[in-house]
């Protein structure tokens with residue numbers, strides 16, 4: 001008898017959890033005992049790029065996408081009604097959206113707590129309603145290389161602590177709805193998120209980590225105002241176009257902040273044009289002088305990183321920077 005065969009099932013489940021679902025499924029050929037053992041692992045990971053071997057142009061072969069969908073269906077069927085803790089799905093155009101919806105609803109019905117979705121379809125894809133009303137989700141990651149839409153009028157995610165959004169639409173009024181719908185949210189990461197609101201407020205008494213990274217993203221609108229009322233925040237990464245105003249910046253417990261205010265070349269030239277004594281900031285670029293409101297709102301931070309553009313727009317006449325103080 002080999003060493004692995006003598007181990008209890010619970011330990012084998014744990015070992016298999018370190019493999020991708022495809023790799024775990026390959027163990028079923030080892031023996032009768034292993035045949036369906038992988039089906040009881042509560043951690044499922046499906047990545048069509050791994051399954052389809054894009055380097056071999058396998059995706060273009062007839063029937064290969066169907067075989068991927070059949071594989072996911074078969075694994076979920078083998079799991080029956082058993083608990084699924086983590087479900088990761090990464091798929092691109094060609095995989096049927098009805099299948100994707102069915103898979104997501106399947107794992108939500110079985111109490112999944114960690115849901116990681118990267119869905120890259122050519123057409124705008126909307127996640128099923130069940131994602132926004134899950135009472136078991138603790139971690140939710142939603143991403144795409146294009147644009148993804150999953151918002152709805154009613155959201156309720158009472159257990160959610162970590163939310164990561166990549167290339168998602170935030171329609172008018174939905175950001176505030178989102179924060180209210182996630183009363184336990186401690187970490188929010190927004191990358192390439194498109195604002196539709198012109199006035200946004202990040203308000204949360206328990207949020208601890210906030211990342212706003214819109215580098216390379218063309219928002220639908222330029223923000224007229226962006227406020228932060230997050231007294232429990234300890235980490236803040238902000239990379240976005242300069243808002244016209246920062247009326248409130250309440251981040252009194254901040255430990256680390258990284259600020260990169262993005263300016264177009266035209267805006268940079270306009271900033272430099274302010275050396276003309278006949279001009280003031282708002283004559284050139286509305287709200288340019290309000291960047292200082294954001295910087296002064298970070299006065300309690302322990303570690304502060306400012307990009308060159310941020311320094312330039314915050315200190316309009318700065319030609320020399322010398323820091324004196326006790327570190």
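Any Cβ shown, glycine's included, is placed from N, Cα and C.
In Swiss-Prot this protein carries:
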DOMAIN    1-47  domain 'F-box'
REPEAT    116-144  repeat 'LRR 1'
REPEAT    161-192  repeat 'LRR 2'
REPEAT    199-230  repeat 'LRR 3'
REPEAT    235-261  repeat 'LRR 4'
REPEAT    277-308  repeat 'LRR 5'
Task: DSSP helix/strand/coil residue counts for the repeat 'LRR 1' (116-144) - done: 5 helix, 13 strand, 11 coil
Task: the repeat 'LRR 2' (161-192): DSSP-derived helix, strand, coil residue counts - done: 8 helix, 14 strand, 10 coil
TODO: Please average pLDDT over the repeat 'LRR 1' (116-144) for the predicted structure.
DONE: 89
- [ ] Just give the helix, strand and coil counts over the repeat 'LRR 4' (235-261), going by DSSP.
- [x] 0 helix, 15 strand, 12 coil
